């Protein structure tokens with residue numbers, strides 16, 4: 001089928017303002033939007049820049065906004081968007097555009113690092129594995145699916161207004177260590193996010209949950225953190 | 001002038017091998033980690049099924065059995081001294097990952113859960129054994145995230161979105177790399193006492209592959225271009241179960257959990273090819289079985305795929321242990337694997353060959369001597385623990401075991417080493433080559449050359465090979481190399497995020513490696529592991545129980561043999 005794309009173009013070194021460029025591509029209904037972007041780049045316009053790598057929703061590189069909704073270009077198929085043409089592809093909102101669909105994710109990763117995304121397990125190092133109850137481990141099932149694509153942060157209405165808000169994905173990573181029974185710093189971790197720009201910044205808009213390509217219950221996880229703060233710290 | 005950086009060690013690649021080495025050297029050496037993607041985007045994260053270690057949490061197991069399976073899986077081309085290191089160190093490596101925080105699935109008693117995987121057996125081949133430690137079907141992803149966290153904690157300096165485009169070599173001593181920064185288009189020179197390559201595989205040589213777009217073998221190609229050898233490049237693993245048409249991987253864990261391959265007649269055909277362990281035979285065996293069924297007209301609807309049947313596993317088990325692959329199948333095929341079988345075909349998955357190294361990650365020259373200043377680990381390297389065919393779950397293990405050992409060796413040796421002065425104009429070669437490509441205003445686009453290479457390699461150098469086919473493919477690939485040199489042009493000449501240029505440089509790596517794969521495959525006139533010659537269908541230990549080395553000097557290309565280390569297990573017929 002024939003598809004019309006309108007793609008956001010901006011090279012801050014050359015352009016004074018962004019523009020939308022129209023491309024026509026033929027693609028099968030079951031092909032990925034990423035396949036279309038590649039066809040455009042390879043066959044029509046090599047100046048179009050975007051990130052990609054694994055092509056099947058595991059690495060998190062190709063997060064963009066497709067027809068107003070943040071998603072991975074490799075996880076959306078042509079048939080999903082064919083009804084709503086032209087298909088508008090834009091960079092993730094809330095981030096500085098470096099070129100075309102490539103945004104500056106540095107501030108995002110800084111926030112992920114801020115939550116200390118590593119186990120603080122205390123001094124003991126047993127000879128074998130530390131034992132962990134399967135039920136305890138199950139609490140982490142959803143949050144370890146996060147691939148740091150930043151779709152959630154880009155869709156968050158709170159982040160859009162307040163760039164100091166920690167944001168959904170960093171809170172998901174905070175959750176991952178707060179609720180890992182092997183971690184010895186639970187209280188400190190809770191204190192760290194017990195701030196107006198931490199867990200309490202979330203206003204339950206649920207946009208993060210709606211867009212998450214890995215179907216993580218993001219908002220619910222943030223609310224569980226809030227409850228744990230009430231329970232442990234108050 | 002290019003920006004200059006000086007570090008004790010430069011690690012290229014941020015998958016598990018690179019990250020594990022970085023963790024090992026942290027605090028002891030000044031390390032730089034260069035990666036063309038942001039670290040958590042590395043392709044180690046796509047590994048699904050598990051990491052092998054004889055923990056014996058589910059049933060009795062031993063490292064000797066694991067070592068035997070690895071050697072037999074590699075069709076006796078595995079270096080047994082290295083396989084012993086791998087199998088013995090595996091339990092320690094997994095416990096260490098657990099201590100770092102990897103969220104492995106657990107048994108009711110709290111120990112790490114383990115499941116069956118292809119080629120892993122108890123008591124030297126008697127029956128499948130549960131040896132794969134896993135976190136659902138995203139084991140690679142959670143280990144990547146964990147090791148990345150360890151690097152964050154240790155403050156490792158990361159240079160993301162830089163591609164290494166040349167090695168700096170002075171009098172056969174590697175003393176740095178030249179890298180291209182995608183954000184600015186600027187070249188950087190990294191000056192170091194040691195360079196470690198952990199740049200991964202190069203499945204993008206082939207049309208159908210489970211590999212990511214970034215898997216273009218840049219590190220291996222650079223080593224070869226500098227006259228150093230590549231080893232066992234003919235051994236390319238085709239994973240039996242790629243999603244039909246797309247190549248995306250359906251983990252072997254699907255069969256480890258009880259999934260069954262079926263042909264057009266609904267027959268469990270693996271019973272005929274591997275009577276003892278059936279669907280859990282080694283990957284090369286299963287891929288050939290699928291191709292045989294397809295050739296005999298027993299593909300589904302007579303077409304070029306078979307079915308992977310998971311319908312009897314039940315929704316709960318699929319959700320708990322195979323949730324990612326279930327979602328891939330839903331998204332890309334519109335199929336619920338609990339309700340309908342999955343169409344699959346072999347997909348290029350893993351390169352057994354690469355930069356020859358010793359068990360401490362030191363890269364070796366054609367005479368087997370360490371190359372001063374150069375280390376390699378992971379898929380770009382060839383230790384060789386995988387021989388002619390890698391077993392599932394042995395690659396994640398390889399990455400953390402030999403990534404650590406390379407890091408440890410560097411931490412011990414580098415402080416005793418002086419920085420070799422950089423040659424003048426270290427970046428001159430790259431600068432000129434890039435200028436040539438950028439200056440051209442007409443010619444052929446990289447994509448056309450790449451697609452022809454991928455098609456040709458798939459057709460003539462896939463699961464089955466012949467002398468005639470390999471010769472034709474070699475002619476084609478050399479023609480494409482020539483066309484690349486004379487004619488390739490870019491649509492975009494700007495500096496910022498010029499992915500057009502990036503893909504052209506990657507194509508140059510791929511074309512280099514395709515040639516080496518073909519030359520190696522043509523030289524091996526036998527069938528062993530993943531290398532299946534229709535004109536030489538038998539394994540020939542008399543003439544070919546050796547590794548293949550390919551290297552070139554100013555005048556010509558050399559193919560030489562290197563002995564295999566055989567310590568505990570004498571070669572035997574390989575029956576599953």
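Using N, Cα and C of the backbone, Cβ positions are placed for all residues, glycine too.
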Of B:288, B:317, B:390, residue recorded by TrEMBL at the substrate site of B:239, B:251, B:349: B:390
C-beta crowding around residue B:45 (FAD binding site), within 10 angstroms: 28
Close recorded positions near residue B:251 (substrate binding site), where close means Cα within 10 Å, chosen from B:43, B:49, B:395: B:49
Sorted by sequence, non-B:239, B:251, B:349, B:390 residues with Cβ within 8 Å of centre, substrate: B:210, B:237, B:249, B:252, B:283, B:350, B:392
Members of the recorded positions set B:43, B:49, B:283 whose C-beta sits under 8 angstroms from chain A: B:43
Among B:13, B:49 [binding-site residues], residue with fewest other Cβ within 10 Å: B:49
Three-state secondary structure, residue B:239 (substrate binding site) (per DSSP): strand
Neighbour-count leader, CB within 10 A, binding-site residues: B:251, B:395: B:251
DSSP three-state assignment for residue B:251 (substrate binding site): coil
Candidates B:43, B:239, B:349, B:390 (recorded positions) with Cα within 10 Å of residue B:17 (FAD binding site): none
